[in-house]
Structures are given as structure tokens and as C-alpha cells.
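As recorded in TrEMBL, the features of this protein are as follows:
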- 12-31: transmembrane segment (TRANSMEM)
- 61-81: transmembrane segment (TRANSMEM)
- 93-113: transmembrane segment (TRANSMEM)
- 119-139: transmembrane segment (TRANSMEM)
- 160-179: transmembrane segment (TRANSMEM)
- 191-211: transmembrane segment (TRANSMEM)
- 268-287: transmembrane segment (TRANSMEM)
- 307-328: transmembrane segment (TRANSMEM)
- 335-356: transmembrane segment (TRANSMEM)
- 362-382: transmembrane segment (TRANSMEM)
- 394-417: transmembrane segment (TRANSMEM)
- 423-448: transmembrane segment (TRANSMEM)
Amino acid sequence: MCRRLRTFLQPVVMFAQVGSTIYETGLLMLLKERYNSTANSSFSNASHSEEDEQQKAISNFYMISNIILGVSPVLTALCLARLGDKGYRKLQVCLPLVGYLLSRVMLLLVILFEWPVQVMFGAVILQGLSGSYCAYWAGVMAITADQSTEKLRAVQMESVQVAYGVAGLIGSMTSGYIYNLDANRQHPGVILAVLSSTFTLLSLIYSTFLLKTQSIEKSPSNGLTQENCTINQNSEISDDMGDSVPSIDCKVVGDKDQPAPLNSFQQINIVLLFIAAVLYDTGDGQFMNIRASFVVKEPLNWNVKLIGYGNAANFAIYFTSFLGVCAFHRCLSDAFMVGIGILSFASGLLLMAFVTKTYMYFVARALNLFALMTMPTIRSMLSKQVDASSYGKIFVLLELSFTLASVITSPIFTKIYQATLDWFAGFCFILSSILSFLAIIPVGVVAYRTRQQQGYEPIPSS
């Protein structure tokens, strides 16, 4: 029983995410404070110019950070994926957590010693060189796929994601109150930085010394083909009627370093699912990047407590999406669940574009109840196209596709946001909604092709 509990990834994800959520709140408040003082010194007689200058500085900081995080983890993530597919799954999780820990400690040092905020770019580089989120989350998903059956894989992946969301909810709800404990001191945010480092360290300790991963050799994922199975005519098994049947000896041909080659049908499905995932993730990622700046400006002008509540609303969606997957997976296909998630997300973003009051923000987020069903289900669909010995590679390539798309689109969205601040600050949210909605098309094509293939499968002879 104890060994079974040690296979759960949820503690790793929850500790790391509580630390990340607290870190993000602390970093945003640090940027707001530092850039606010800079704007005041530059625009002492023009409050509107001060706010615009602060918005541009914060959005530029996140834009540069996203570009660094898009470029720096590539080689490390690919190397970790290869090692993970050879059986070193934990390394794919542990090394990125080391980078996370270093960046949290760097935030603490910047606050304590009043270093320039540009030092945090160094923290971002360290985080990227350790593999960052693309290696970490790919490792988490690969371990989850190893430990689940195809039928329940979407539920298992969503259960890990709901742990991520619950942890984010806890961190978001408490971070504002924690920040206020030392907001009036000389170094506001120190407690947040210390707690963020502590939770990240706990996640690293658990994943390194306590977590047990299932061997890849025990779980070939895509079944056995006729070429893998041989009939043993010398060994017979008797059934209850006294008849005898030849036994079938099955084995996986080749070693785990040489996965079975993909056929053209699988390759096309993988490309289509990658396109869908990148479109959706780009819409989601750019929305979250702009949202951080959007909520601290007029007309919302949130303080640290409201920022915490807003983040909590974001993470509450993880729980509702998990309930959606549990409810729908028995009666709907993966493609239908992806479609529901995309429609939920796109509709919420359309309303978010016109938010002018705090209550409207939470109404818009309520429309996103099932938005986070999308990515775990797409990952589940992808895992069914490849061997278990390729999970690490396929998931890290997916995450790298996300980071590459972010590098390309983040500057574009940032400049559009800055250009539309005065006349329609929510314009970028409409663009994100359109991008995410387009993801329905490739998913629908995959569903149609899969149904067609199943419809034309030959009926086995009796």
C-alpha cells in the first residue's frame, strides 16, 4: 500500500504549483512596485502616462521572459526526453525543479538586496537551461501515461491537472494575505519568496527520494501486432470442455530504444493534434500573459488580494474541468470532449474582452468551466498514436512546440496590446478566442479519419 502511494505524482505537482503560484504573485507585485516608482519619477505630472508606462514595462518584462523560456530549454528538454524514454523518467521531473528552485531563491535575493528587476532575467535563463516547464510537464505526463490504461488515460491526466489546479487555488487564495503581512516593511514580498522556495524544495525532495515510477518495459501502450505474436504448437492449454488450443507467446519486438515506426495514418493524426494543441495553447498562453497586466490597470485596478482571488478563479476551472472529464469520458469520445473544452474557453474569452468591472471578470471565467478539459484529452489522444517508449519524446516535442509558438506570438500580442490600450484593451482576448476556436478543425479531422478507419476495418474470419 505504501509503495502504491509513492507512485502518486500529485504531491510533486501540488508542492511545485503552490510554490509557482506564490512566486508569480510575488514577481508581479515586485514589478508593479519597481516600475511604478520609475514611472512616478519620470511622469510626475501625468497620471495617465504613468499608468501606460507601467503597463508597457510590465508587459515587456513578460514578453522578454517568454522569449527566453522559449529558446533556452530546447536542448535540455530533448536530452531529458531521450533519457526519460530510456527509463530515467524521474530525471525529466527533478532537473527542471532544480531550475525552479534557483529562480525562486533569486527572487528572494532581488527583494532582500534591492537588485534591479533585470536580474530576474538571469533567473529565467537558469530555469530555462534546466528544462523549464516544457521538460517538467512532459515528464509528468509521460509518467502518468506509463501508469494508466488507454481507456482511463484522459481521466488520469486530468486528475494530475486538477491537483495542479487545486494547488494553484490554494496558493492564489493565500498569496495576497501573505503579501500583506510584510507589505509595509522595508522589503515587501520576502515571505512570499521564502514560502515559494520552500514548497519548490519540498517538491524536489519528494520527486527525488520518495516517488516511484513504473518501468516502461511493463506497459507497452499500443497493443501487440500479429508480427509480435507467435503460436506455440508444442504447448497446449486445456479448457473446461477438454479441448486443447495452442498457446500464444507474445513479446515486444525490438528494445525500448527502438520503438515501432509510425505509419502514415498515425503521422498525419499526430501532426493534426499538434496543430490543434498549439492553436489552443497559444490562445490560452497569450490570454494569461496579457491578463497579468490587464487586471492591474484601469478600469479594474486590482490590489494584491483581488489578484489572488482572480488567480483562484483561474485555478478553480481545473476542478470543474476534471468533473467534466469524469462525467463525459464514458459517453463521449475524446474529440467531443476537446470540442466542449474549446467552446467553453473561446466563449469566456469573448466576454472577457468587454470586462470593465470586477464582477464581469468572474462571470467571464465562469463560462470557462470546462476549458481545461482540452489539453489533457489531446495529450491522451497523442499517447494512443505512439509506443510507450516514445511518450517522453512526443510530450516534450509538444511542449517545445508551445514554447516556439510563444516566442513567435508573444511579441506580436504584446505590441498589439500596447497599441490598443487606449481604445480597446481587450482586443487581444478576441484574437486569443479566435485562435483557440480554430483548434476544433484539426481535432474534428482526426475524429473523422479515425471513425473512417474503424468503419473500414475488415471483419475477422470466424
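Glycine residues also receive a Cβ, built from the backbone N, Cα and C atoms like all the rest.
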For this session: Return the stretch with the most CB pairs under 8 A relative to the transmembrane segment (12-31), choosing among 61-81, 93-113, 268-287, 307-328, 423-448.
Result: 93-113
Seminar exercise, completed: Long-range Cβ contacts under 8 Å made by the transmembrane segment (307-328), restricted to residues 6 or more beyond its ends, are 21, 24-25, 28-29, 154-155, 158-159, 161-162, 164-169, 171-177, 288, 295-296, 336-337, 340-341, 361-362, 365, 368-373, 376-377
Problem set entry | Residues of the parent chain within Cβ reach of the transmembrane segment (191-211), under 8 Å, 6 or more residues beyond its termini | 6-7, 9, 11-16, 18-20, 22-23, 25-26, 29, 90, 93-94, 97-98, 100-101, 104-105, 107-108, 111, 175, 178-179, 181-182
Seminar exercise, completed: Best-packed against the transmembrane segment (268-287), counting Cβ pairs under 8 Å over 61-81, 362-382, 423-448, is stretch 423-448
For this session: With the transmembrane segment (93-113) as the reference, find which of 61-81, 160-179, 394-417 contributes the most Cβ pairs under 8 Å.
Result: 61-81
Problem set entry | Distal contacts, the transmembrane segment (61-81) - CB-CB under 8 A, six or more residues away | 31, 91-92, 95-96, 117, 120-121, 124-125, 127-135, 138-139, 289, 292-293, 392-393, 395-397, 399-400, 403-404, 406-407, 410-411, 414
